[in-house]
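The structure appears right after this line, and notes come after that.
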Amino acid sequence: MPDRELISGDRQAEDAQFEVGLRPRRLADFTGQSKLKENLSIAIEAARMRGEAMDHVLLYGPPGLGKTTLASIIAEELQVQFTPTSGPVLQKKLDLTGILSNIRLHQVFFIDEIHRLLPDVEEMLYSALEDFRVDILVGVGPGARTHSLPMPKFTAIGATTRQGLVSAPLRGRFGLVLRLDPYNTEELKAIVKRSARLLTVEIEDGAAEEIARRCRGTPRIANRLLRRVRDYAQVRADGRINQKVAQTALNLLDVDRYGLDEIDQKIMMTILEKYRGGPVGVNTIAASISEESETIEEVYEPYLIQLGFLNRTPRGRVATELAYDYFKVKRKLREGDHPSLFEA
């Protein structure tokens, strides 16, 4: 199995210094997510035409698909200040008050991992999002009073990998709720070629496609693999990345040809072997592999479905013939099934 961090969509420490230089700054330069981009483009243009703050936006989807990049692009397109923070950083009401009290007119305020806000901090955010005011408690005990401070109108952008953990009251305060889906191979190939150009690395089409196929539909992983392949090309080849160099480097890193990790394989093998291909409920799968059902639904399933290994049905999850072939599992007959002429 490959290093889990290598094919994880979560941001790693080493990613930060590279991502800043590789991120597109305009919506037109952002590859993929065409429907989402159209919705954002309309909202941005409408806000500019009216001279107003854009509606609050909630972006959700698996990690590494570009939620933070899109938030910074929105600020760039609106030509306003961009203030980022994250749910875990806002530990106290005072932390949020300090940011909100300094927000300027039409500014973009970005909260990553918004599902991790503490309840009392989240409640304080409600009035800011809906009424553009901050309620501050002054004093203690019976003499304590609440003061409401007006705020300039601004745009809040929340990002989450776990939309199901965002409370309904918070979710309802966002005018736009948009999902990012895993990218297809052609989109990822274009991203790899663009990143290679910015890194001044020569790469052939076949090599870019090889990386694109193995990055789990995730640009962050694609860029991470590109850096590893670049290292291999410089040390073991002539610095140029052709398909053979890419294949050799990725095989050396134990990156599966579809970029599957241990959890992906556990999910599929549980369905294929333990439950004879399904249908089986997501809660049952979650209990079998000691994983949260929301994580399976929001992080792992989208990619497995995109690959054609898994189908969602009203009765549960069902493995496809492609999954049986790829994982080399022989289909087991259920009670009452009859073998075909070729299985008899």
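Note: Cβ is positioned from N, Cα and C throughout, glycine not excepted.
Bear in mind that the values here come from a model prediction, so they are computed numbers and not experimental data.
Taken from Swiss-Prot, the feature region 'Large ATPase domain (RuvB-L)' covers 1-183. Summarising the annotation, Swiss-Prot assigns ATP binding site to Leu22, Arg23, Gly64, Lys67, Thr68, Thr69, Glu130, Asp131, Phe132, Arg173, Tyr183, Arg220. Residues or ranges marked as Mg(2+) binding site in Swiss-Prot: Thr68. Here Swiss-Prot flags 184-254 as region 'Small ATPAse domain (RuvB-S)'. For 257-344, the entry in Swiss-Prot reads region 'Head domain (RuvB-H)', with the evidence type sequence analysis. Annotation source Swiss-Prot lists DNA binding site at Arg312, Arg317.
Tyr183 (ATP binding site) sits 19 Å from Arg312 (DNA binding site), taking the CA atoms of both as reference points.
Neighbour counts were taken as the number of other C-beta atoms within 10 angstroms of each residue's C-beta; across the binding-site residues Arg312, Arg317, the minimum falls on Arg312. In the region 'Small ATPAse domain (RuvB-S)' (184-254), helix, strand and coil residues by DSSP number 51 helix, 2 strand, 18 coil. Spatially close to Thr68 (ATP binding site) yet at least six residues away along the chain are Pro84, Phe110, Asp112, Ala159, judged by Cβ distances under 8 angstroms.
The Cβ neighbour count for Leu22 (ATP binding site), using a 10 Å radius and every protein chain shown, is 18. Using CA atoms as reference points, the binding-site residues Gly64, Glu130, Phe132 were checked against Arg317 (DNA binding site), and the closest is Gly64. Assigned with DSSP, the residues of the region 'Head domain (RuvB-H)' (257-344) fall into helix, strand and coil as follows: 42 helix, 9 strand, 37 coil. Site extent for ATP: the farthest pair of Cα atoms among Leu22, Arg23, Gly64, Lys67, Thr68, Thr69, Glu130, Asp131, Phe132, Arg173, Tyr183, Arg220 sits 37 Å apart. Of all Cβ atoms in the shown protein chains, 12 besides its own fall within 10 Å of the Cβ of Glu130 (ATP binding site). Between the CA atoms of Leu22 (ATP binding site) and Arg312 (DNA binding site) there is a gap of 35 Å, rounded to the nearest whole number.
Looking only at Cα atoms, Arg312 (DNA binding site) sits nearest to Gly64 among the binding-site residues Gly64, Glu130, Phe132. Cβ neighbour density within 10 Å is lowest for Phe132 among the binding-site residues Phe132, Tyr183. The Cβ neighbour count for Gly64 (ATP binding site), using a 10 Å radius and every protein chain shown, is 27. Taking the region 'Head domain (RuvB-H)' (257-344) as a whole, pLDDT averages 84 in the prediction.
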